[in-house]
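Participant: Checked TrEMBL, it gives:
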ACT_SITE  Asp294  active site, proton donor/acceptor
BINDING   Glu143, His211, His232  Zn(2+) binding site
BINDING   Ala154, Asn235, Ala236, Arg243, His272, Leu328, Ser329, Gly330  substrate binding site
DOMAIN    62-401  domain 'Amidohydrolase-related'
Amino acid sequence: MPSNKSVSDAPIVQFTNCRILRNHQLQREDLWVREGKILNPEKLFFDEKGSADIQLDCKDSIIAPGFIDVQINGGFGVDFSLATDDFKSGIDLVSQKILSHGVTSFCPTLVTSPPSVYHQVLPQITIRNGGAQGAGILGAHLEGPFISKEKKGAHPEHCLRTFEAGAFQDLLATYGSLDCVRIVTLAPEMKRSSEVVRELTKRGICVSLGHSVANLSQAEEAVQHGATFITHLFNAMLPFHHRDPGIVGLLTSDKIPAGRRVFYGMISDGIHTNPAALRIAHRAHPKGLVLVTDAIAGMGLAPGRHTLGQQVVEIDGLNTYIAGTKTLSGSVATMDTCVRHFQEATGCSVETALEAASLHPAQLLGIEHKKGTLNYDSDADFLMLNDGLYVQATYIAGEEVWRQDALGM
């Protein structure tokens, strides 16, 4: 009988005794992996007459796609909005440490900063695949500086900017380059924002609406020009009002172009959004919900004073404030914590909670053919979790990159 070597010499690993999240359901079947991709076992058996080289007993774990965090400002003492000489080692540290939270890909996020910071930091962000060295980098998320003064939140007012006559050129001059940029958050009510939304969308960059006082029709217009995301729903935007629901109204708008979906980020840390608000959003538009951490440099560190770009923030338990104020400034929650809190707060299924941190962010970025699912031929980035949704092991390209030690389980 021909061996599996007929197609490739790479070993085939069969993960057994597990429940796989596939097609929105946990299914009791094995997961087959070769050369960093998920295999179709039928093709393997019938076309190649192949079999597994290695079998791994998963001890009844859940296997889910790796989490994708599209809004993370830093962690473990590293602040992505600070231009430092060793920026690369900082981003490497964060990408290594978040493997234990189940994050296999992320978008390092910069808050509103002076142009000099963008010019220094952005050339040092490289889009790369994940591996033993850490989670993959999908491109930067630039949150600001083209946002509303009234809803600046933790963003420094002196760095905020508006679009002048050559709106898109202003943006280019501010950032310096868009080579590694994946998401830009802006306020759609700003003059000339429509042309910017169109230009960014044309370049394959996701436009997110946030830190804004936009009314619903301004938000709908931005979506018609290509915007597809809402930055941390409910936070730093006009509160929902029944006569003009503002950006929040996009969740049930009938003005979204056919075939398009608006996604929205939620910081499900029990601090930024009341569980009732989380439930309202989820019930209104479940397929658009994307869990984000919005984590800052203080994530993983002791309470006290830390930075967020140009500002000093204070961590008190799970609360993070601009020092000396009660203005919330990012979170110190980890992605796995957000998934568990979301499931608990909404009473949604395990599958729904896991997809909000994997499938939905992948769909938002248009990479669901290779990330965010366990479909055949997609990247073998996945997690083993117990029934409480605690991460037991993290795999990237089929290789184990982190495992909970026996004492911690």
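Going from the start of the chain as shown, residues are counted 1 onward.
Any Cβ shown, glycine's included, is placed from N, Cα and C.
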Participant: Residues other than Glu143, His211, His232 within 8 Å, Cβ to Cβ centroid, of the Zn(2+) site?
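Facilitator: Once Glu143, His211, His232 are set aside, the remaining close residues are Gln71, Gly144, Ile147, Gly153, His155, Thr185, Ser208, Gly210, Thr231, Asn235, Ala236.
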Participant: Tell me which of the binding-site residues Asn235, Ser329 sits in the most Cβ-dense spot, judged by other Cβ atoms within 10 Å.
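Facilitator: The most densely surrounded of these binding-site residues is Ser329.
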Participant: Taking only C-alpha atoms and a 10 A limit, tell me which of His272, Asp294, Leu328, Ser329 are near His232 (Zn(2+) binding site). These are the recorded positions.
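Facilitator: If one measures from the Cα of His232 (Zn(2+) binding site), the recorded positions that come within 10 Å are His272, Asp294.
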Participant: Report, in whole Å, the straight Cα-to-Cα distance of His211 (Zn(2+) binding site) from Arg243 (substrate binding site).
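Facilitator: On Cα coordinates alone, these residues lie 21 Å apart.
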Participant: Quick one: which of these binding-site residues, His211, Asn235, Ser329, have their CA within 10 A of Asp294 (active site, proton donor/acceptor)?
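Facilitator: Matched binding-site residues: Ser329, sequence order.
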Participant: Can you give the mean pLDDT for the domain 'Amidohydrolase-related' (62-401), rounded to a whole number?
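Facilitator: Averaged over the domain 'Amidohydrolase-related' (62-401), the predicted model reaches a pLDDT of 96.
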Participant: Which of Ala154, Ala236, Leu328 has the fewest nearby Cβ atoms, counting only those within 10 Å, among these binding-site residues?
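Facilitator: Among the binding-site residues Ala154, Ala236, Leu328, the sparsest Cβ neighbourhood within 10 Å belongs to Leu328.
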Participant: What is the total of other Cβ atoms whose distance to the Cβ of His232 (Zn(2+) binding site) is within 10 Å?
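Facilitator: That number is 25.
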